[in-house]
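What Swiss-Prot records for this protein:
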- Ser99: active site, nucleophile (ACT_SITE)
- His124: active site (ACT_SITE)
Amino acid sequence: MSVLVPMVVEQTSRGERAYDIYSRLLKDRVIFLVGQVEDHMANLAIAQMLFLESENPNKDINLYINSPGGAVTSAMAIYDTMQFVKPDVRTLCIGQAASAGALLLAGGAKGKRHCLPHSSVMIHQVLGGYQGQGTDIQIHAKQTQRVSDQLNQILAKHTGKDIERVEKDTNRDYFLTPEEAVEYGLIDSIFTERP
C-alpha cells in the first residue's frame, strides 16, 4: 500500500514552489523517525543529519521520534551519527519511543530531550532469536549479550543511572510515562505547549 505524502506550496520571489511535507520540514531542521528502525530509515536519517550539519554546524537539529524500535545495528548507526555531528540533536518523542526509539530519544543533547504529554517510552534488553547448530547459537548469544551490555552502558551514560539499575530495568519491558522518563533521566522535560 502506497502512502500519499502531503505537499506544501510556498510563494517565493520566483513564483510558487511545491515540497513534500518532510522536505519542507527539513528546511526547518526537522527530521522524522517514524515506524520501525531499519537500515533504509537509518540511512535517510543519517544523510539528513549530515546535510543539516553541512548547511549550518552551529544550529540544532530536531529529531522527532515515533517508533516501536527495530534493528539494533540501524539504531546504533543513527545514535553514533547523533553523537558525531557538530550541531546538538534535540529529540522529541511524539507518540512512542520504545526499544531502539528510546535509545535515540535518550541520546539527544543533554537538556534538549523532550516528550509530548501523552507519549510512551519503553526500554528493554536486546531481543534475538537464532536457530542452527549449537556453536552458531552460542556465537549469536555472545554477540547479543555484548550488544546488550553496550546499550546498557549508553543508557547509563545518558540517564546518570548506575549500570546495575539499568540492567535490572531493561531485563524486561519497562514502560515509562513522560513524567517517569524525566525522573529516570531519559528525557529532560515534557512539552505541553510550543516553547
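Glycine is no exception: its Cβ is also placed from the backbone N, Cα and C atoms.
What you see is a predicted model, and the numbers here were worked out from it, not measured in a lab.
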*asked:* As a test of the contact definition, list every same-chain residue at least 6 positions from the residue listed as 'active site' whose Cβ is closer than 8 Å to its Cβ.
replied: Ser99, Thr170, Asn171, Arg172, Asp173, Tyr174
*Look up Ser99 (active site, nucleophile) in the DSSP assignment and reduce it to helix, strand or coil.*
coil
_For a quick check of packing: other C-beta atoms within 10 Å of the C-beta of Ser99 (active site, nucleophile), how many?_
25
